[in-house]
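Working notes, beginning with the structure itself.
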């Protein structure tokens, strides 16, 4: 089904006359498992839906009937909630931050669970390494950012907040306005999406690379030692990925809160 | 599809798949819907309630403390008032007592003076009465004595002396009688 399963099934090894089936973009494309009316459903979509169910399900278990004295699930949920509410919403946005905690929490846990799928057996694929998912999330952030900018500052103040910087010489203003516009309205959502996507893409690629290589090099020869090294590296990279998965979800949420803070603050 | 893509060569990974976009946004909106509308407001409320329960307990304790203090103040005020009242009463009693003693003293003085005055008047009256009686008696006695002396004749000096002595004895005897009857 997935590209590297195919690699393994191919039985392609060193010294058997076939070249190394290097993982590439094809490692991120899957055959659709279901096609309805010309719409193809792939593994990444299934995983996205599963992640949705997991996030909603866990929070449902934790907060369905919250009690003053929390049970185990509620306690875990509260730790997650407080992590976002305190160390992101309150520290970055301030007092008004509590309004945006649900949005930030949804983003963080949805992204994190999707990222974690990279190292879960049988899933072993982060949906966020498909560009569409980071794009969707960055788009939601972008819409929120623009909406809050204009809602808080009015149209004129909103435009000013977006592109204008006080106290610059007149001749440089048009250039700065252009740059500010590009930075705040175009590159911000783009970099937000690309940062998450590229990290998960690269991480998955590395794990596939070392896994495929250790399989390919596994021959009755001295190269088995290299295969072992490659296998160890695959495990190390997997552990490293676990850290990156959390970090990227955190960074995505943190940047979202910084954008919100920029949108609702007075002036620029 | 994979083989198709592979045959076509490298596809730009930065062009998002349309179906994935739709699935992605639906998934996120469902997550946000559940968390934002129901579950997180739930926990937000509970956390506030818990905060309130803890802070509220402290507030209630502070209230009780304040009430106790107030009661103590009231009690102290009442006690001070009572003491003040007692002192005032005592003061009043002392003053009244002093007045009464003064009055009594004045009354006693007055009565004493009255009695003394009455005594003096009585003595004066008695003295005058005595003087009057004495004068009468002395006159009568003198007349009597003179009669006796004249009657006895003046020839016998010794008799005269005896007569005078007798008279004086009589006089003393009558005086002693008067003393005794008194």
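Quick reminder: no glycine exception, Cβ is built from N, Cα and C everywhere.
Just so you know, TrEMBL annotations are computer predictions that nobody has curated.
Here TrEMBL gives transmembrane segment for one range in the set A:24-43, A:44-63: that range is A:44-63.
For the transmembrane segment (A:225-247), same-chain residues at least 6 beyond its ends with a Cβ under 8 Å from one of its own Cβ atoms are 112, 115-116, 118-119, 126, 199-200, 203-204, 206-207, 210-211, 213-219. Proximity of distant same-chain residues to the transmembrane segment (A:131-150), defined by a Cβ-Cβ separation under 8 Å and at least 6 residues beyond the stretch ends, is recorded for 44, 48, 103, 107, 110-111, 114, 158, 161-162, 185, 188-190, 192-194, 196-197, 252, 256, 259-260, 262-264.
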